[in-house]
Amino acid sequence: MASSMGRFLLFFIALRGFLLEASGDFGSGASRDDDVLLPYSRARARLARDCTRVHAGRLEHHESWPPAAQTAGAHRPSVRTFVSYFADRAVPGHLTRAPEPLRTFSVLEPGGPGGCASKRRATVEETARPSGCTVAQNGGFFRMETGECLGNVVSGGRRVSSAGGLQNAQFGIRRDGTLVTGYLSEEEVLDTENPFVQLLSGVVWLIRNGSIYINESQAAECEETQETGSFNRFVNVISARTAVGHDRKGQLVLLHVDGQTEQRGINLWEMAEFLLKQDVVNAINLDGGGSATFVLNGTLASYPSDHCQDNMWRCPRRVSTVVCVHEPRCQPPDCSGHGTCMEGRCQCTGHFWRGAACDKLDCGPANCSQHGLCTETGCRCEAGWTGSNCSEECPLGWYGPGCQSPCKCEHQCPCDPQTGNCSVNWSPTLSSLFSRVKECFPPPEVTVQAEELSLLTRTTWLAITLALAFLLLISTAANVSLFLGSRAARRRHLDGAYVYHPLQEVNGEHPAAEKEQLGDSSNPFKD
């Protein structure tokens, strides 16, 4: 009997232990969600929204802070623990500063990607550990009953929750590192030219451009709810609080304050004044009360106000989004597909990708000379232009983009460098002047062959010319020689250097005088 009772007792203890462990009843499981601090009553829940929705247009109710210059080696966050007095109340908390927010700050969905879509809730530790957060706090508001993420949430460039234009305080970082605080229209949230890479919604804009902005924020976020008293109580009650903002150096600032609603902690006015003393320029209030949680290096470092299932202990609440400070990361992580992430910085591949995210094409100062498009392989020239910077007109005989097409005109005459039209009528340039005098030039390959043929022709003609010149020289010399010989002979005749031979002697006849003398001597009758 005693042994059976003992076995039953052991079984009962084991069963109770299993059930308690399954339900987290030993002080390390789920909280009771008993320290609830809501800006609006549960009945209203702002389903229809008491304030104005803004879908289009650009509001003037936000502040943009340019990204701070990158400093080598200044990547690790600074975490300060404090115990300060507010109206004679000792209040502990943590203040975190993180340089280069674009690369060191992220908004995380509960339990990882897809958490908002599945309306998941998880403790800050559960969300922060897989993401390698050095510092993590709870983020935006959510519905306690359903786990639905409220307001705008952009995590790593992905929009996972929409406020639908509802005007609550926002804090986000755009792709170029600009810090944005305030109220945004739906159009501004959806901007694609410089989109948000991180964004979350809070309630109440605490500090705007170095001044407390709580009164204006109450009027802007919800006028009618002030009449119920719930929103006014949310602002003025002491409780655990969290906030996010930035200082004048462009560093991200996270504030966490321990407390319990109506018993310990601070109100929003006290939190705003404290942040002003820390040189904070813009800041918004995030979820507080039992949601306020601070995790350092993956370990809970705050005192939650929610009770565990066993009232002896306090347990961290399962919340929605988480704000995370981590080691520098490339933004986006894949460097837009055009680079490699090394020590938090994108090393761009190729010769023309530039920018912190390797998302900008840069073909040099000339920018393709306004005659082409910069691509990842260089300038793609418009029709009629060529060269590495698209600064050269097409040579005669070529046309089209990059001057890749030969003209198809007769005799390889020039064509329009843009259209290839053989009726040349482009603006007067050196090329057109050549065309006007009908000088047609073939493509470069034909020109080379023509030059070789021309060289051969010139050589042949030179040889022929030299031969003819030589023959002419010989002929001239011969003619000169003959001429000089004839002239010498003529001179000899003129000088008397000759013998007279009568023609009769040559013919065997006597001259007439001699005949007469011979006749007289033989005639006896001649007197």
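Glycine too: its Cβ is placed from the backbone N, Cα and C atoms.
Note that the structure is predicted; figures quoted are calculated from it, not measured.
Per Swiss-Prot, the disulphide partner of Cys133 among Cys315, Cys324, Cys330, Cys335 is Cys324. In Swiss-Prot, the entry for N-linked glycosylation site among Asn297, Asn479 corresponds to Asn297. Here Swiss-Prot gives motif 'Tyrosine-based internalization motif' for one range in the set 236-239, 432-435, 500-503: that range is 500-503. Between Asn209, Asn425, Swiss-Prot assigns N-linked glycosylation site to Asn209; no such entry appears for the others, which is not proof they lack it.
A distance of 28 Å separates the Cα atom of Asn367 (N-linked glycosylation site) from that of Asn421 (N-linked glycosylation site). When the neighbouring Cβ atoms lying within 10 Å are counted for each of the glycosylation sites (Asn367, Asn389), the highest count belongs to Asn389. Secondary structure at Asn367 (N-linked glycosylation site), taken from DSSP and collapsed to helix, strand or coil, is helix. Secondary structure counts, DSSP: the domain 'EGF-like' (359-391) has 4 helix, 13 strand, 16 coil. On the backbone, the CA of Asn209 (N-linked glycosylation site) and the CA of Asn421 (N-linked glycosylation site) stand 63 Å apart. Distance from the CA of Asn389 (N-linked glycosylation site) to the CA of Asn421 (N-linked glycosylation site) is 25 Å.
Across the structure, Asn215 (N-linked glycosylation site) and Asn389 (N-linked glycosylation site) place their CA atoms 57 angstrom apart. Look at Asn421 (N-linked glycosylation site): DSSP puts it in coil.
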